[in-house]
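A short write-up of the structure that comes next.
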């Protein structure tokens, strides 16, 4: 039974809650009792925990049956795959100094995962490494991963405090469990089928330390009954920090698994009071010993706000890598135009900027006699033309608009729009590349929407430098300036998606992506700024920037898979537009961030600066970016000479 309904989140895996169980040789009864108890799946041992290969009778000549929980026929294939996560024996220790235990562990691990694969289980839960050294365990798991088809392996990692959070505690007893995960996944080559099951403990690390996990491939969170507190009415509840963590798990499609024994003696009466759960229509729901914990988790899920309309629109784009547009080389399709034109917030901002420019340009006394010449360069299908004419009507100013567009298909739509709206006297359509057009007169205002996710990555500087000759010496450019920003991120999913192509080209490409399962490790820093009109005729558009990022001390170590890029633009005076997180324009969806991947992820530690270099390079036919890291380690300069990724002029 799902935890509840949440508008816009109907397909999220976090709606389903599991329960960790003990071994049972009656799997149908085990599954039935837990499903009827309200849980959606069980995390159940597949093999009798007393089994040891070294204790098996050698006289059986290999004919002895392994003590699995039951035949594959005791459940239907859909029950096995949809409601059972295999739990690998917790006693295994593949890095033990005891050779017998180590050998038994390796044999058992392979036997259990082979059986789980035969059952078509979607996932298996691996026990946490027994110590900081896990090389043999990781080697065996990596060997298994090479032959797995689709099953995920969830490695249990306790969510423990790091040394920097310990407040002077003995470092021998306080480790940062992220190191354990990082060591294991590096030994397994960042395999995409290896994920994390975080074991949530009663005490939590700092918010920054928790935050880095949301860029890792966390698939499940196991929360023990001993992590729950008791409220005034005797029911289980969680601390405020645990509640916030649960909300973050829900938002990142991380499934909750409840484990442990019933530790709360519930008061007599309705067991569902805490959660206000009215779905208790199946007989026996209240009999499950962990039902009150499940109800509280469901209550936390149900009280979350519905996903905003913008988030629902962007759901399908989350963590999906897209190549940036090539607006000069390629003509946009109608569907692309339509998507951008639906972004009303963007055009409201443009209209505000144009209104302010018209008021500054023409006084009230001249409003009835003076006509402002406004050029829209890159007019597309006309949304900026409409915004300009609405601004003129709003301010009572007279306007003559030149709509310059190189796409012959968009020109057809522009002509239809002008005729339909009766704008023939105000709008002159120019079917031409702005860089080749000879304007019949100078413009008072030059308007464009050539910005990309990184500000200058769709060649706005080159286009506007070429169009600047249209502008009067005291003319106004909208936008008047824009700045790009970057920040280091943990983005395990994005890294694995790039790595799956198994080539250099994809690691040297900058992608547009709706970032979701990422951890932002430091605040953004500005990179390149361009201003229009550009006063210096000798100024080139090549740029170079060296940036130094500091990871907050309480974060602990983290893995940098690449850099997220944003922009912020000043349209005119105090009217701005942008996606830089701290100043982002609300409810605007025309731009997703850009992602610069690293070929080799870099592990960063607090106190050691992360030094990044970024170049914007210009050639006669193309513009491209190059990037690298020089501290704490040096990485190769990516995309030299634009060999893999460029934007064509």
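Backbone N, Cα and C atoms are what each Cβ position is placed from, and that goes for glycine too.
Residues near residue 449 (active site, proton donor/acceptor) in space but far in sequence (CB under 8 A, at least 6 apart, same chain), listed by position: 346, 350, 378, 380, 384. The active site, proton donor/acceptor annotation in TrEMBL covers 449 (among others).
Within its own chain, residue 458 (active site, proton donor/acceptor) has 324, 325, 327, 328, 450, 451, 452, 647 as residues 6 or more apart in sequence whose C-beta sits under 8 angstroms from its own. The active site, proton donor/acceptor feature in TrEMBL is assigned to 458 (among others).
Residues or ranges marked as S-adenosyl-L-methionine binding site by TrEMBL: 337, 346, 347, 405, 433, 434. Other Cβ atoms within 10 Å of the Cβ of residue 434 (S-adenosyl-L-methionine binding site) number 23 in total over all chains.
Residues or ranges marked as domain 'PRMT5 TIM barrel' in TrEMBL: 38-303.
The domain 'PRMT5 arginine-N-methyltransferase' annotation in TrEMBL covers 309-478.
Using a 10 Å Cβ-Cβ cutoff, residue 340 (site 'Critical for specifying symmetric addition of methyl groups') registers 17 neighbours. Annotated site 'Critical for specifying symmetric addition of methyl groups' per TrEMBL: 340, in sequence order.
Around residue 337 (S-adenosyl-L-methionine binding site), the C-beta neighbours below 8 angstroms that are at least 6 residues distant in the chain are 380, 381, 410, 413. If you take the Cα of residue 347 (S-adenosyl-L-methionine binding site) and the Cα of residue 340 (site 'Critical for specifying symmetric addition of methyl groups'), they are about 10 angstrom apart, rounded to a whole number. Annotation: 405 carries the greatest number of neighbouring Cβ atoms among the binding-site residues 405, 433 [cut-off 10 Å, Cβ to Cβ]. Neighbour counts were taken at the CB atom with a 10 A radius for the binding-site residues 346, 347; the maximum falls on 346.
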